[in-house]
Amino acid sequence: MKIAIAGSGYVGLSLAVLLAQHHEVKVIDVIKDKVESINNRKSPIKDEAIEKYLVEKELNLEASLDPAHVYKDVEYAIIATPTNYDVDLNQFDTSSVEAAIKTCMEYNDTCTIVIKSTIPEGYTKEVREKFNTDRIIFSPEFLRESKALYDNLYPSRIVVGTDLDDSELTKRAWQFADLLKGGAIKEEVPILVVAFNEAEVAKLFSNTYLATRVRYFNEIDTYSEVKGLNPKTIIDIVCYDPRIGSYYNNPSFGYGGYCLPKDTKQLKASFRDVPENLITAVVQSNKTRKDYIAGAILAKQPSVVGIYRLIMKSDSDNFRSSAVKGVMERLDNYGKEIVIYEPTIECDTFMGYRVIKSLDEFKNISDIVVANRMNDDLRDIQEKLYTRDLFGRE
């Protein structure tokens with residue numbers, strides 16, 4: 001089967017590699033370097049499984065800048081373009097999704113278009129009306145950055161939103177779900193073909209629950225530090241309850257990354273006509289955590305604050321909406337000199353702060369080293385290290 005994918009970020013590229021094991025897949029992107037990288041079998045993003053599969057697997061995969069070449073004759077066109085949160089509109093910016101749909105329809109008037117980008121509730125119906133087509137369905141992704149292909153190979157569930165009253169479209173939705181399952185290694189995978197709105201909002205609720213869990217354990221940590229208690233002991237006791245579990249429970253400077261901040265804000269906006277307290281509290285409490293972390297650092301009265309890594313996860317190369325950036329902004333408001341150690345940054349400054357290339361120099365000039373996640377590189381400076389990482393994992 002011929003499949004097109006718009007976007008080569010962690011969603012689009014992981015799907016491309018997954019499906020190219022058994023199908024002819026063409027990826028379109030507007031960035032020439034990414035296209036060349038994929039065609040040279042080098043991953044433009046950090047993902048160990050993607051890097052391995054590009055080198056070791058026989059993939060029927062091609063990347064291109066040419067939409068006519070990509071969309072012609074395909075049966076499915078997957079839209080995996082970014083939908084950042086627009087604070088002025090108070091919702092996702094879906095312009096890239098609509099641009100991709102428009103381009104696809106110019107070159108192919110028969111394929112089924114699958115939106116993989118995260119979107120607001122009601123958007124699929126809205127965009128079907130806007131483009132006067134019944135060929136668009138929605139399939140939420142449940143992927144982790146830097147582990148996107150792994151999560152496609154071992155999916156927790158496959159969800160497709162469709163018009164359940166349209167038997168042909170529902171058939172196409174099931175077929176798309178089977179395409180994803182066919183590329184997976186995991187054999188027993190729940191498949192749920194549901195209404196558009198249910199699929200859309202389930203994605204937002206899933207990520208907001210994860211954000212809530214992050215905030216819960218961060219509040220245990222804040223309480224413990226203020227009261228002089230051992231947060232690890234308390235978290236261990238809490239998590240021995242199998243209903244809670246010892247996972248996703250490591251304190252941090254707050255939730256961040258590409259998905260959780262924007263998805264929680266979108267869900268909060270979706271609740272505008274629905275009574276709620278929790279969703280608003282989750283969004284607000286993440287700001288409170290950053291305020292607290294910044295205050296704890298300022299209390300140590302450092303002249304030079306060293307920020308060790310901007311990335312949210314130790315195996316990631318992305319620091320969009322990183323929690324530590326929020327802490328930096330708060331410290332900057334108090335006039336603190338801030339230096340950064342971040343090997344993924346090639347320039348000498350970032351956000352107006354000096355980037356130190358030498359780890360030894362960084363340690364020497366910093367009065368305090370702030371690390372969202374612990375690393376063995378920092379074991380020799382425990383006396384000036386500030387981290388809330390208790391377990392040495394995500």
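Quick reminder: no glycine exception, Cβ is built from N, Cα and C everywhere.
Note that the coordinates shown come from a computational prediction; the quantities given were computed from them, not determined experimentally.
For reference, Swiss-Prot has these:
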{"type": "ACT_SITE", "residues": "Cys259", "note": "active site, nucleophile"}
{"type": "BINDING", "residues": "2-19, Asp29, Lys34, Thr83, Thr118, Glu145, Tyr258, Lys262, Arg320", "note": "NAD(+) binding site"}
{"type": "BINDING", "residues": "Glu141, Phe142, Leu143, Arg144, Glu145, Lys203, Asn207, Tyr248, Asn249, Asn250, Pro251, Ser252, Gly256, Lys313", "note": "substrate binding site"}
Reported as an integer number of Å, what is the Cα distance between Leu143 (substrate binding site) and Ala6 (NAD(+) binding site)?
-> 17
Cβ atoms other than its own within 10 Å of the Cβ of Glu141 (substrate binding site), all chains, total 20
Cα proximity to Lys262 (NAD(+) binding site), best match among binding-site residues Glu145, Asn207, Asn249, Pro251 | Asn207
Looking at the binding-site residues Pro251, Gly256, which sits with the largest number of other Cβ atoms within 10 Å of its Cβ?
-> Gly256
Of the recorded positions listed here (Glu141, Glu145, Gly256, Cys259), which is spatially closest to Ala6 (NAD(+) binding site) when Cα positions are compared?
-> Glu141
Count of other CB atoms lying within 10 Å of the CB belonging to Leu143 (substrate binding site) = 20
Gly256 (substrate binding site) versus Ser14 (NAD(+) binding site) - Cα distance in angstrom = 21
So of Ser14, Thr83, which of the binding-site residues has the fewest other Cβ atoms within 10 Å around its own Cβ?
-> Thr83
Using Cβ-Cβ distances, find the residues under 8 Å from Leu18 (NAD(+) binding site) that belong to the same chain and are at least 6 apart in sequence, listing them in sequence order.
-> Leu149, Asn152, Leu153, Leu180, Gly183, Ala184
